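*Asks:* Attaching a single structure in structure tokens format; questions to follow.
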Amino acid sequence: MICYKQRSLQFPITTVCPGEKNCYKKQWSGHRGTIIERGCGCPSVKKGIEINCCTTDKCNR
């Protein structure tokens, strides 16, 4: 699986995720505005955080 990886204000890069079947994109509102995180897997999230998990290469754009 190939996913985009990104933390907050960084530019998204692609990464290979051995053994993973999902990519995710999650976002929430913070004191600096909307915060976006992308990566491998499909983590559980706290209330108030929106997450979208997907199952194809680079699907978390």
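Placement of Cβ uses the backbone N, Cα and C atoms for every residue, glycine included.
Pulled these features from Swiss-Prot for this protein:
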DISULFID  CYS3-CYS23  disulfide bond
DISULFID  CYS17-CYS40  disulfide bond
DISULFID  CYS42-CYS53  disulfide bond
DISULFID  CYS54-CYS59  disulfide bond
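Help me understand the surroundings of these features in the structure.
*Replies:* Mapped onto three states, the DSSP output places CYS23 (disulfide bond) in strand. Note: CYS23 (disulfide bond) has non-local neighbours MET1, CYS3, TYR4, CYS17, ARG38, GLY39, CYS40, GLY41, CYS53, CYS54, THR55, LYS58, CYS59, ASN60, i.e. same-chain residues 6+ apart with C-beta under 8 A of its own C-beta.
In the three-state DSSP classification, CYS40 (disulfide bond) falls within a strand. Using a 10 Å Cβ-Cβ cutoff, CYS40 (disulfide bond) registers 21 neighbours.
A simple way to gauge crowding: the CB of CYS42 (disulfide bond) has 17 other CB atoms within 10 angstroms, across all the protein chains here.
Cβ neighbours within 10 Å of CYS54 (disulfide bond), excluding its own Cβ and spanning all shown chains: 15.
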*Asks:* Using DSSP reduced to three states, classify CYS59 (disulfide bond) as helix, strand or coil.
*Replies:* coil
*Asks:* Which of CYS3, CYS17, CYS53, CYS59 (the disulfide-bonded residues) has the most other Cβ atoms within 10 Å?
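*Replies:* Of CYS3, CYS17, CYS53, CYS59, the one with the most crowded Cβ is CYS3.
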